[in-house]
Amino acid sequence: MKYVIGVDLGTSAVKVLLVDQNGTVTAQASEAYPLQQPAPGYNEQNPDDWVQGTLTAIQHLLATSGVTASEIEGLSYSGQMHGLVLLDAAGQVLRPAILWNDTRTTKQSEEIMAKMGPRFIEITRNRPLEGFTLPKILWVKENEPEIFAQAATFVLPKDYVRYRMTGQLNMELSDAAGTVLLDIAKKEWSREICAAFGLPLSLCPPLVEATTNVGTITAEFAQASGLCSQTAVFGGGADNACGAIGAGILHPDQAMCSIGTSGVILTYEPDTTTDYHGQLHFFNHAVPNSFYSMGVTLAAGYSLSWFKQTFAPDASFNDFVGSAATSTIGAHGLLFAPYIVGERTPYADAKIRGSFIGIDGKQERSDFVRAVLEGIVFSFKDILDIYAANGKNFKQLVSIGGGAKSPLWLQIQADIFNKDIVRLESEQGPGLGAAMLAAVGLGWFDSLSTCADHFIAVKKVYHPVAEHVAKYAQLHQIYQQIYPQTKGITGALLDYEEQQ
Ligand SMILES: Nc1ncnc2c1ncn2[C@@H]1O[C@H](COP(=O)(O)OP(=O)(O)O)[C@@H](O)[C@H]1O
Ligand SMILES: O=C(CO)[C@@H](O)[C@H](O)COP(=O)(O)O
């Protein structure tokens with residue numbers, strides 16, 4: 001049998017999947033790594049932790065699967081997006097990576113908009129939000145000039161891991177779109193944006209497509225991991241592009257709901273004609289010559305993980321999430337807004353913070369868990385409403401990511417969205433998508449669509465329950481009042497905290 005490996009470099013952990021030619025996930029392993037939050041709004045990781053985590057997970061995968069390394073023909077990646085990894089001329093990392101959920105860059109984001117305005121959106125098809133890479137580069141240039149002076153190039157998280165595994169330094173296109181330095185229609189670095197912000201074009205690495213064979217595993221990494229140095233390595237994709245591929249989102253009428261650390265509602269865009277005017281993100285897909293749009297809830301799975309870590313660190317995840325079933329729709333009068341690290345969609349606001357509204361002496365911890373699960377999905381509903389306003393009413397959504405492990409959460413999605421929710425055999429859409437890129441890159445299939453027909457299997461469909469739908473519609477209207485009514489209060493608290 002022949003195999004491929006999909007490496008999904010997430011924010012909470014790296015997950016590696018061993019997939020055979022029939023699309024069966026034969027083995028999987030994962031390795032967690034820490035997130036550093038040195039100041040409010042700051043989120044950093046050590047790029048070497050990603051490499052060591054990937055190495056350990058692959059060692060474990062090989063040890064437990066019984067598959068010999070020479071049977072593994074190809075490997076590719078899915079990567080958390082936007083994270084800035086600055087490298088010097090010798091390829092050494094200059095500072096911790098500044099991640100997608102780091103919001104220190106409000107000033108730089110505003111400066112980009114003030115300088116380029118609508119022209120910036122025309123080129124990149126996105127507003128310059130804090131999470132994207134360009135504002136992070138400008139932050140380092142302004143605040144750490146001695147580090148910036150040493151920077152020869154920059155890459156994104158999975159591109160850095162690929163560099164360490166192959167010795168080849170590139171940036172893959174679907175991820176490059178998330179830097180907002182790319183002219184997404186022309187698929188090339190924007191000279192105009194680089195010039196506007198005094199960045200040399202040489203800072204931007206060579207671009208490769210998702211299914212491009214960039215090389216093979218170095219002798220050093222092969223020896224350390226147990227992989228074979230002949231295994232072909234392919235470009236890979238942004239985690240949401242890979243998640244879409246792994247969920248089979250390959251046509252405009254299909255949509256995905258992903259609950260990882262972040263949360264995403266996404267659809268396939270065949271071309272650049274639909275203009276969301278920067279309200280949604282719009283990036284190159286890892287499917288050649290196509291695009292996708294999406295809205296992002298910054299703290300989706302992260303809100304739940306934070307809540308569990310803070311109030312029930314010893315409970316098992318399944319028991320903790322399952323306890324919400326003992327609560328009610330609306331959690332006995334409790335609502336949660338998941339803005340705990342700021343928000344992106346529909347409110348591009350780095351300063352908003354989360355809330356529990358309606359705390360009552362009768363409520364129990366299970367009500368709070370329920371409110372967290374529901375609040376995250378209400379935030380997704382806000383994104384679906386933007387799609388609906390643009391004429392896109394999907395019949396169903398495919399749900400992926402760690403959150404898709406919970407049947408209760410999947411039913412809540414069906415009831416709040418009033419749509420069918422599809423659960424796949426594997427919730428690891430991004431890892432499967434990465435494996436599919438390697439399978440297509442190797443020529444096992446002539447297209448990602450053909451590969452999807454072989455690799456993706458539905459486990460169960462969750463249908464909305466009319467009585468629940470009506471209650472959630474009423475609650476969503478109340479939820480929508482939280483942002484405008486708490487913005488001033490949470491902003492003042494953040495200012496207070498920053499003065500301490
Ligand atoms: N058993 C579970 N039920 C529901 N949600 C879960 C469960 N286990 C983990 N999660 C959620 O999944 C999230 C991690 O999902 P994952 O797709 O692995 O994220 P990432 O790719 O960002 O590392 C966690 O933040 C957590 O909230
Ligand atoms: O910033 C974005 C998308 O724009 C995030 O979706 C990151 O790509 C992180 O993904 P996860 O770790 O949540 O999968």
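Note that Cβ sites are derived from N, Cα and C of the backbone, with glycine treated the same way.
As the structure is a computational prediction, the values presented were derived from the model and not from experiment.
The active site, proton acceptor annotation in TrEMBL covers Asp239. Secondary structure from DSSP puts Asp239 (active site, proton acceptor) in a helix.
TrEMBL lists Met81, His82 with the feature substrate binding site. For His82 (substrate binding site), the same-chain residues lying six or more positions away in sequence with a CB closer than 8 A to its CB are Leu99, Trp100, Gly131, Phe132, Thr133, Lys136, Leu156, Gly178, Thr179.
Annotation source TrEMBL lists domain 'Carbohydrate kinase FGGY N-terminal' at 3-246.
Annotation source TrEMBL lists domain 'Carbohydrate kinase FGGY C-terminal' at 255-441.
Counting every protein chain shown, the number of other Cβ atoms lying within 10 Å of the Cβ of Asp8 (site 'Important for activity') is 32. Taken from TrEMBL, the feature site 'Important for activity' covers Asp8.
The most densely surrounded of the recorded positions Met81, Asp239 is Asp239 (count of other Cβ atoms within 10 A of its Cβ).
The two recorded residues, Met81 (substrate binding site) and Asp8 (site 'Important for activity'), have Cα atoms 11 Å apart. Taking CA atoms as the reference points, Asp8 (site 'Important for activity') and Asp239 (active site, proton acceptor) are 7 Å apart.
Listed recorded positions: Asp8, Met81, Asp239. Those with a CB atom under 6 Å from ligand 2: Met81, Asp239.
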